[in-house]
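Feature annotations, reproduced from Swiss-Prot:
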type	residues	note
BINDING	A141, F142, T143, G144, S145, G146, K147, T148	ATP binding site
DOMAIN	128-312	domain 'Helicase ATP-binding'
DOMAIN	323-483	domain 'Helicase C-terminal'
MOTIF	97-125	motif 'Q motif'
MOTIF	260-263	motif 'DEAD box'
ZN_FING	499-516	zinc finger
Amino acid sequence: MEVDDGYVEYVPVEERLAQMKRKVVEEPGKGMMEHLSDKKKLMSVGELARGITYTEPLSTWWKPPLHVRKMSTKQMDLIRKQWHITVNGEDIPPPIKNFMDMKFPSPLLRMLKDKGIMHPTPIQVQGLPVVLSGRDMIGIAFTGSGKTLVFVLPMIILALQEEIMMPIAAGEGPIALVICPSRELAKQTYDVVEQFVASLVEDGYPRLRSLLCIGGVDMRSQLDVVKKGVHIVVATPGRLKDILAKKKMSLDACRLLTLDEADRLVDLGFEDDIRHVFDHFKSQRQTLLFSATMPAKIQIFATSALVKPVTVNVGRAGAANLDVIQEVEYVKQEAKIVYLLECLQKTTPPVLIFCENKADVDDIHEYLLLKGVEAVAIHGGKDQEDRDYAISLFKAGKKDVLVATDVASKGLDFPDIQHVINYDMPGEIENYVHRIGRTGRCGKTGIATTFINKNQSEITLLDLKHLLQEAKQRIPPVLAELNGPMEETETIANASGVKGCAYCGGLGHRILQCPKFEHQKSVAISSSRKDHFGSDGYRGEV
């Protein structure tokens, strides 16, 4: 029987989370936070075996212009203050306020201009000099802040430099690798890479080959690109792990690794897959980690992988984008779908509607079509081809409304979104931050409307209340009346410098009340019982 090289075993999200958290119940003597930090360093097996520890960041050819290098610490701090940038780390490269001084080739500068990007955003002002200097970086920025260019432009420069010095041979590469939590985000990032690579070719520079390495696509076509030699790979964890396990691609030459939406990667249970990827590195690489939120579990994850990292924060981790007007409305469950039509009148298209489950997405989509609204819908139950087609129609402006589950909230770039409607308040505040980050991008103001009712837990609503307070938004009466344990300990928390939950980053509760931590413990307990008794024991599978 012929073995299908394109086969990738699918492990459901629930099972991945159960595998990760099973240790919580198997080792009851450990404290809660100890379970988050007891894993080995994020290094390759070879590095661990040889006892290698990298203590210094990689060096690069890039240096900022002389007038930038001559800036005093006071001048640099003033620029950061003006751009609302917070930094942390040793020997931090200076911020640069224009792309010209970053020494990008003229084709890339022209492409930026053609895309209407005249000036760098705050994350780019500080993040690009950090990455170009070869430093490991933790980038904390709300979705829509322009963080994609912070890693795309430097990795194109690195790949171009390597290609000019010693061209990539057949089967070699990649030089740079990006790992994304979803196929949609990977495809979007790949498209950005291709646009800038094409601009270089038009100007006579060597052709850089890039690869989109995701599931749902025939692996053979991806391997054909690898065989020719590849400079840049944008991948999802599952397909990348499978190709590496089959020894179809090597990371021996990889110098730059980016983990985009790192909080989502860990939340979706991909941490072990990423550790598997690290096993394939043979030498030191520059590592970049980007996240919209920064709970303790991500901090631990980052410190095990990065060397003397520079943290660049353009908005406190967990706080929502200040360019979004957040409106929270109490709507009874049975009235939500009718009230939705009224909400759509608040702004002109395009509008995003987020739901917690697939059935609601389908129901709302059908209802809007019956009412004459030009709408499309995506969720995890739809084919990849159908999802891509719906997204393309929405992006092209041929459809006014996109109804989606959180599949669409993982970093997808929909320009000029006027309004985001949360048909359901998500169970985790991190998802709320990701969702409303679809609007209010690139300095433009957007609106986010969220429906709440008695179906939401009080802890979730307290998280929302505190986030609204931090973002200086109006607090609706139904939330203002809520008082939780955080109200009594706010003074102590501020004095200690610790805000909210150490596990998930929520602002309205502590780890002892964390619903996310409790849920994952429950999943682990449930899975361990199933393992002990099997499907033939009590309550066997029917």
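Going from the start of the chain as shown, residues are counted 1 onward.
Even glycines carry a Cβ here, placed using N, Cα and C.
Between the listed binding-site residues, namely S145, T148, the fewest other CB atoms within 10 angstroms of a CB are found at T148. Within the same chain, residues 62, 64-65, 68, 79, 83-85, 132, 139, 141, 145-147, 149-150, 153, 156-157, 160, 195-196, 199-200, 202-203, 205, 312, 314, 442-443 sit at least 6 positions outside the motif 'Q motif' (97-125) and bring their C-beta atoms closer than 8 Å to a C-beta of that stretch. The binding-site residues considered are G144, G146; of these, G146 has the fewest other C-beta atoms within 10 angstroms of its C-beta. Less than 8 angstroms from the CB of K147 (ATP binding site) sit I123, G127, G139, A141, D260, F290, each of them six or more residues away in the same chain. All protein chains shown were included, and the count of other CB atoms within 10 Å of the CB of F142 (ATP binding site) stands at 24.
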